[in-house]
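Since the structure comes first, as structure tokens, the remarks are kept for the end.
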């Protein structure tokens, strides 16, 4: 493609399309038909497909014409032209271009069979169609039409408007049809799917107009699809819709799996809970005196009585009657009521398990977790608390697992799509550069010749070599990305090959992608201009070195960092002056070494425009432009790169950070950088460089090149030249010398880091001031706040004006932050002037945006804003699609259900008024759709089903749910996660340059240190001591600091004359003018000392110590710290040498028994207190030492640990008994008291033993020991308090609640949990960081909430009737208070408990909104609010909904998903540190995990022998056939179907039919069981599934006869049959199409160990919190979410409540009663059986309890689930993409068993051909296969047998080809084999199949020759008979005894001795390396 485009197309490309052109096309078509040879066979290979011509992607219809074609010649706009794309040379097409150069392609056949391309009418139609105004008109029409669709009651004249719209659409379609043709050829009207939409819309419009089709509103909804037309008009949207459709396709497997799982769970639910939810408390006994007898005429009507609502018990304040159950742990009825089935199900009868369909809906609701707490509570109340287990299963498997799988799939689809577009962009850029080169070449050649003579010609081969060598392009992110799938990778590789082939013609043998990556940005660094290093190098080395900063250190010269340009390393020999090679000696030059690791070459700088406040002043900043031009460069640099001033990127601690070779610099002079006044410019290389390296200008660069560079710059400027002129005149103020002087002074002040610090402090204070607003406020306080606001506004305004003076408006507004500041300041000033205008108080909220200024100096906030910015950019199109979807569904809902809501409103509301959630008008309809997208669909759907019928509502809501929620929101998440990658995270942290804030902090520290020193010195001087000694350390400190950073490894530093020598032997001196490097001999070699990192020395100017980061200094004393900083040094992706840790650092492990106890005290203690020093050789000391050793042995003993664990579990269990009934159970209470003491003593003893054994140092430096210590201390204190009788003290009571932490001690003992906790602790810093950022983010919304709603949530309420007063009766607080005076008990002026009266309360309210729990009440209160202290009015302030919508999108959506992003990202980083191991698993679990992953992990098993008995044998054959299995599976499925048919209300007849069908199934399964037992004999019980089947059959038979008894005491036996569905898993292997589902299940299996650990941790957290809840909230008043079953009174109830909140469901209900204060509760309420008084909660404790639990469980644990599933899913997908999967190996072994019935693991050679043919694809070698098998050269052992692994390996090799992977696979298989067969003697192979064949052939040849010889001798006749014998004999002998000395052929077998095998492997490796080297050299 590129090759084709390289020739500049020029104006002759534009040829008008004439009849001759058409004739030419026809001629070409005829020619190509003649040329085409007939196909040899039907098979086509992928390569052929690839080599076929494809349409050029740049010249697709709808794209802009590439600029290389230049401008369209006059008169050819909107005129048919010949096609540009060679692909269409043999197709009848032509193209037309409009003014915007957009390309339209048409079919050249006659449209509608009449209008040829040259017809006038058709040409006019084409002109209209391609005109931009035409599409604008259509777009406006669609938008206007959409507006009209939103009218719920359209006016009469709207009918005419409708006709107008239809007319316009018809005209549009006619134009398209005339221009394009209707449907016959390509590019006609109906060939574009988007036109189908138009066509159907128009047809529906006409049909509905002329034919009466009944329900018009349903058909009117069709018009809504017009909104979709916007997608076809806006280009970006089509791609997003493409991505959506792709992800839906990918979701098919997950959908199937989800439906299957839900069906299984629904069946279980059906069996368990059928009819239970109708249990109600009915008045009992019946009172017959009432009117039921109806005047004695009619008898008592039981049906009517049972269904009469007035007879049910309803809890006051609730709408639904109370449910109950008849089991002991279900809900009980109050006195006078009996529990029985009556009335309908809850929620209009829609929540039930009575039929399969309702059960399925209930389960779907559980999976999406919508209002599931309600279902959970109802079911537990009706069936019993034990059924919590069912919900745990469904939530963890269904909800967490399946929903996250959907996320994983969408994320993968998105990632792949992204990858493809990225590659395309890169390809485009490479082509663009190549074209530019071509265009410039002509102008250049003359000068090039002249230059070449003067500078020494550069030979062509050098250029070629350089093209090769410089090609270290960084790995594309697809290679790095885990989520890109196999097929995509293969496609990409093919594309790459093709691309390279095509481009090599245009380039001088250098891969253009590499050239692009490595050449300078303008593409104009001509090769002819490259000169040898020394020519330019000398000139610039001085300057460069002074500017070379230490990568990764804060020394980066800050003043110029922002204007640095994307400079690129030149590939190959001709490097930039001052680059690393300047210092490399000739032998070890960087490039020569870099051969082996291509990806470690230098790559372009990241275009991160983090400029400091100097940037504006330092000249026109160009960073932004470069990033615009080459967006892809941004991504090219991964996070561990650091940038020096030259723009050379070195990858610290990543690939290629250690450049090969000793880096020995020449002696070069350093120029000290003097600290310039900020006004003067510090000139750096970066500034000298404009686009190309302009340093060339100084030496050689010719004027021509210069002009070219400028030309390119010109072409890439945003604005017209006149704008720059204007800017220069008016926006850059340099009018007068005095003015300039003033500017410099102001600049000095404003740019000072201290001013930045002051401003930051002001921002924080201002935020605090705004956060202090509350309701009610005193006037004085309000006044203080107002004054504060004025002061801050003044400060910020002053800052802005001063900056404007210092920087000039032009430069001021170059920087994003300044624009932001200006915007906020203007708003603040505007707000001051409009302060008194009513309704503009919202403007105050804009002040809050100042908080974002903190981002300047807070990297995480900065990152968050960037991420949101990036995503919003990328999400723009997605958001539009989402908006269109929401709009369409809102209109559909309004059109379909609007009327029904109005007409049937009484069904859903007793007052017959429209409820808050309805679809009668567009706004409310929109709100419902938005609510569904938030995941709350079930409640609104019930309403809809009640008023508008079930079918339609279900369809519409399910569509919104699936399309909107699952797909779009998941795409959002995927986008967020992808923009949230390590790059963004690390880039902000170590961006190399420090912000002003850090500098000012360092200055302050420096000042404090200086003051201290002076004081110290002063004191010293007065005490007559030598001053000099004391001052010296400061210099030393400075030098150490500098060196520590320079060395970057924090090694020890010694003073060495003038030089400092670090632990690695490199030295760097500071302050000396000429530098030398002293390098020890043993450090010389890079190999000996892989730690050697050489940094270029730096001159230390005055300013540099400001940049010193104090943390870096600490690394001297902390080698660990420095290791962390070099975070993943060992990841040697690119480097040839891994960095080994220093030897000393690795402690030699000794066997644990012999370790002596550590020292008791720290060295400091021992020095200060001599008594701590003990001689352990004699006397008391010796006894003490013996005691310690004894204690050590005890503590280290396994039994001791087990005993302690047992005690911990017992003591934790004991806590669970301390519920509200403990005082009634005297014995238990006494036992617990004694047990508590015992436990305390045991734990104290344990602690004393550990102190003695380990010593204080070891004990108190271990975090887990601290935990133990604190918990024991709490127990001890409460024990002492009890003994002293202080147990009732408040403080002691609260201490006792801390005993709930006891189970935490189990953490350190259970490895599974400890692993997870360690991983979590590792993540805490980043989680905290994000939590803080979220809090800041929410602060803005909270303050805004306070501004909008403070004091407006109060209302006047009648406590007795529980009714709010209407606004007509009570208007405000004063009126309510008057009423209260008259009737003080009943009426109250109340506040909503969750409100916005202050920022703290606002946070709580926002948390409820963000978790969508309790958010309705908050929103209703907001929407009804009027003014502070006024009675609310229904929907008076309806647009306040929008505040919540915005908060949900930004506050909830972005920030909560950010948590997921951070956690996933963090664990991925931790995994990298642990070498890719899973950090959530213990060692044992890792083994299991690896076993799951390893291929070929099976070994041949001994099959069940076939019985000798004839009949048994026949049955055996029948039972072991696959068909038999499949039939049984089908029977199981049929049985399931019959179970689905069951309903709760079925008739007697139906019941009988089902009974008999069930009986038939039981007989079938019994027969299967009997047959199998008969055939398999005792082997039947060796298979797990058979045992399970046997148990199920027995239970079913027993169940048939004893059904009633079993049902009563156990679960129904039918339930076990549901479990048999698991057997379906066995069929999946047989279905080829089920590969995707197998992958998903495989992913689940792989996730299990890690998920189990997290589950364990979650259980522990729940346990601790439930104990805590019991001790704090046991006596809380029953209301809202707390009642007789769901409460904190007992341990079981607490666990039930906490499990519910794990998904954050219903936590608002549980919190509300705890927030009660009198008079809502009573402090004196008695509790019978307990001494406790009162039923009030403790609000602060309650809020802390719930919020912390939600953050821990919901955000952390649940998100860890997501992280693990995403991870394992990507691994599983990679594995399933392999050509050979686990299943292929399994089938191999299954077939093997038939050929090797005794499981000898060998097969005879003669059977090999049959075996190979019997295998399944891909391992199968179909017959005739003899020759192929012989060629495989398989080793054989005596007896002509071949080992299974050798065969498997050879066949695998045949599938995978010979590759490195194969060696790994082979090794794995051999390991497994040796591990599973330790007893096997190593069989020595004696020959191979190939050798055998060679022997046979040679034997035949020899025999023939010998025969001929004998014949010639005349012996032949006599010896015929004996010859035959001999022949047989020799043959047999040969078989039996091949001489051992025979040199064996070259084969490699499992059965070979180990040593020889290793040697061979080593040789093979050397051979391969040699080959690769040869290949590389041949390329050069």
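Placement of Cβ uses the backbone N, Cα and C atoms for every residue, glycine included.
The feature compositional bias 'Basic and acidic residues' is assigned by Swiss-Prot to 28-61 (among others).
The compositional bias 'Basic and acidic residues' feature in Swiss-Prot is assigned to 501-530 (among others).
Per Swiss-Prot, the feature compositional bias 'Basic and acidic residues' maps to 586-602 (among others).
Residues annotated as compositional bias 'Basic and acidic residues' in Swiss-Prot: 1951-1980 (among others).
What Swiss-Prot records for 215 (among others) is N-linked glycosylation site.
Marked as N-linked glycosylation site by Swiss-Prot on the basis of experimental evidence: 289 (among others).
The N-linked glycosylation site feature in Swiss-Prot is assigned to 295 (among others).
Under 8 Å, Cβ to Cβ, and six or more positions away along its own chain, residue 308 (N-linked glycosylation site) finds no residue. Swiss-Prot lists 308 (among others) with the feature N-linked glycosylation site, giving experimental evidence as the kind of evidence.
DSSP assigns residue 326 (N-linked glycosylation site) to coil in the three-state reduction, placing it in neither a helix nor a strand. The N-linked glycosylation site feature in Swiss-Prot is assigned to 326 (among others).
Feature annotation from Swiss-Prot assigns N-linked glycosylation site to 1358 (among others); the stated evidence is experimental evidence. In the three-state DSSP scheme, residue 1358 (N-linked glycosylation site) is classed as strand.
A strand conformation is recorded for residue 1372 (N-linked glycosylation site) in the three-state DSSP classification. Swiss-Prot lists 1372 (among others) with the feature N-linked glycosylation site, giving experimental evidence as the kind of evidence.
Sequence annotations record features per position, and here Swiss-Prot assigns N-linked glycosylation site to 1383 (among others). Other C-beta atoms found within 10 angstroms of the C-beta of residue 1383 (N-linked glycosylation site) number 10, with every protein chain shown included.
As annotated by Swiss-Prot, region 'Disordered' applies to 1-20 (among others).
Summarising the annotation, Swiss-Prot assigns region 'Disordered' to 28-62 (among others).
If you look up Swiss-Prot, you'll see 446-530 (among others) marked as region 'Disordered'.
Residues annotated as region 'Disordered' in Swiss-Prot: 568-602 (among others).
Looking only at Cα atoms, residue 326 (N-linked glycosylation site) sits nearest to 1358 among the glycosylation sites 1358, 1372, 1383.
For the transmembrane segment (388-408), the neighbouring stretch richest in Cβ pairs under 8 Å, chosen from 1231-1249, 1524-1541, 1584-1601, 1743-1765, is 1743-1765.
Cα of residue 1372 (N-linked glycosylation site) to Cα of residue 1383 (N-linked glycosylation site): a distance of 17 Å. The number of other CB atoms found within 10 A of the CB of residue 1372 (N-linked glycosylation site), across every protein chain shown, is 17.
Counting only same-chain residues 6+ beyond the ends of the transmembrane segment (1439-1460), those with a CB under 8 A from a CB of the stretch are 864, 867-868, 871, 927, 930, 934, 972-973, 976-977, 980, 1327, 1330, 1333-1334, 1337-1338, 1341, 1344-1345, 1348-1349, 1406, 1409-1412, 1415, 1418-1419, 1422-1423, 1425, 1755, 1759, 1762-1763.
The distance from the Cα of residue 1383 (N-linked glycosylation site) to the Cα of residue 1358 (N-linked glycosylation site) comes to 10 Å.
Cβ neighbour count for residue 326 (N-linked glycosylation site) (all protein chains, 10 Å cutoff from its Cβ): 15. Contact between the transmembrane segment (1264-1282) and the transmembrane segment (1231-1249) holds: at least three of their C-beta pairs are under 8 Å, each pair 6 or more apart in sequence.
Contact counts against the transmembrane segment (1584-1601), taken as Cβ pairs under 8 Å, peak for 1553-1571 among the stretches 133-151, 1524-1541, 1553-1571, 1743-1765. Outside the transmembrane segment (1743-1765), and at least 6 residues removed from its termini, the chain residues within Cβ reach (under 8 Å) are 400-401, 404-405, 407-408, 1316, 1319-1320, 1327, 1331, 1404, 1407, 1411, 1456, 1459-1460, 1463-1464, 1467, 1480, 1643, 1647, 1650-1651, 1654, 1657-1658, 1661-1662, 1665, 1668-1669, 1672-1673, 1698, 1701-1704, 1707, 1710-1711, 1714-1715.
In sequence order, 1364, 1365, 1386, 1387 are the residues of the chain that are 6 or more apart from residue 1358 (N-linked glycosylation site) and have a CB within less than 8 Å of its CB.
In the three-state DSSP scheme, residue 308 (N-linked glycosylation site) is classed as coil. Below 8 angstroms of C-beta separation, residues 1515, 1518-1519, 1528, 1531, 1534-1535, 1538, 1541-1542, 1546, 1589-1590, 1592-1593, 1596-1597, 1600, 1614 of the same chain, each at least six residues beyond the ends of the transmembrane segment (1553-1571), sit close to that stretch.
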